């Protein structure tokens, strides 16, 4: 609730900013609020549904994919009036002579154009901010009525046991999400440029290829809501990393062929869709996932989102004829294929309580077998 309210404050304030410093502060407030939402939302889903959180976790992250797919379309529709063809005739005429006639009339035309654009931006931010404010109030109401649920979740956490190698498991998941999210954002960011430069596609074809990636990504997350009800999270992760490894290898070696580029992009987007929510649901089966652990997952994902695209952009600028984007996708897929068996080995290794229960059961078996020798003592 607090994170959504902080995002609302930032969105309401941004259209009125006249100083870059104030704009930076408000953007930082929005970024911090979204980071809190990422962390708290996953933990809240785990605390609410426990072992049955798989479909709900997939639905939560499906909403992220839908928002990322729909928001740019809605923003373009809302700001469509800012194109020059939609401006009044007088404004279009004044706009064409702004460069050549720096007079008072030109200045007034620029002011009118700025006011026209600002109104569109203002309403876009106000509408989105109002929607988030409504959601924030809804969560505050849930919080005020959920004291018994909080007590229940605390009691559940006290009963649950940490895995034997809890810290090592969390660190490996940190690296796992670093590679996965970095690869996802890198491919989605650079596939348009790659299609134009390496595959020599037209601009509309490259844009369609980009839409295929994100469309397959969102569609597969929607399907995963129903698959999570009948498949274990570990099975979904195994299928996803296998699919991403095969599709990224296809892209790395045959990306110059249009057919393999289309098929590989769709398969890669579909394979990447379920890894993050399935990973959180999977680790919750073996150890307790609290706020600190979930925040490490989010930090690893954010660092991958920040660092890997920057490194790929730098290397692609240095080596123009090398498909760095595709090699990065293949390398990160190979890293996830190696990391998951290691994490599974650590997660399934018996802890001290399990070993103690095993030894006690063996003692009971031995006592029962020996008691048959002395029926009088029994």
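Keep in mind that glycine also has a Cβ here, set from the backbone N, Cα and C atoms.
Taken from TrEMBL, the feature transmembrane segment applies to 20-47 (among others).
Feature annotation from TrEMBL assigns transmembrane segment to 59-79 (among others).
Positions annotated as transmembrane segment by TrEMBL: 122-144 (among others).
The annotation transmembrane segment is assigned in TrEMBL to 165-192 (among others). Long-range neighbours of the transmembrane segment (165-192) within the same chain, counting only residues 6 or more positions beyond its ends whose Cβ lies under 8 Å from a Cβ of the stretch, are 206-207, 209-210, 213-214, 217, 244, 265, 268, 272, 275-276, 279, 283, 286-288, 293, 296-297, 299-305, 307-309, 312-313, 316, 325, 328-329, 332-333, 335-336, 339-340, 342-343, 346-347, 349.
Annotation source TrEMBL lists transmembrane segment at 237-255 (among others).
As annotated by TrEMBL, transmembrane segment applies to 261-282 (among others). Long-range Cβ contacts of the transmembrane segment (261-282) within its own chain (Cβ-Cβ under 8 Å, at least 6 residues beyond either end) map to 42, 46, 53-54, 57-58, 60-61, 65, 173, 176-177, 180-181, 183-184, 187, 191, 195, 199, 209, 212-221, 224, 227-228, 232-234, 236-237, 240-244, 246-248, 250-251, 254-255, 289, 294, 297, 301, 329, 336.
Annotation comment: TrEMBL describes 294-312 (among others) as transmembrane segment.
Counting only same-chain residues 6+ beyond the ends of the transmembrane segment (324-344), those with a CB under 8 A from a CB of the stretch are 169, 172-173, 175-176, 179-180, 182-183, 186-187, 190-191, 194, 234, 237-238, 241-242, 244-245, 248-249, 251-252, 255, 268, 275, 283, 308, 312, 315-316. Among the features that TrEMBL reports, transmembrane segment is placed at 324-344 (among others).
Annotation comment: TrEMBL describes 353-366 as compositional bias 'Basic and acidic residues'.
The region 'Disordered' annotation in TrEMBL covers 353-378.
Here TrEMBL flags 368-378 as compositional bias 'Polar residues'.
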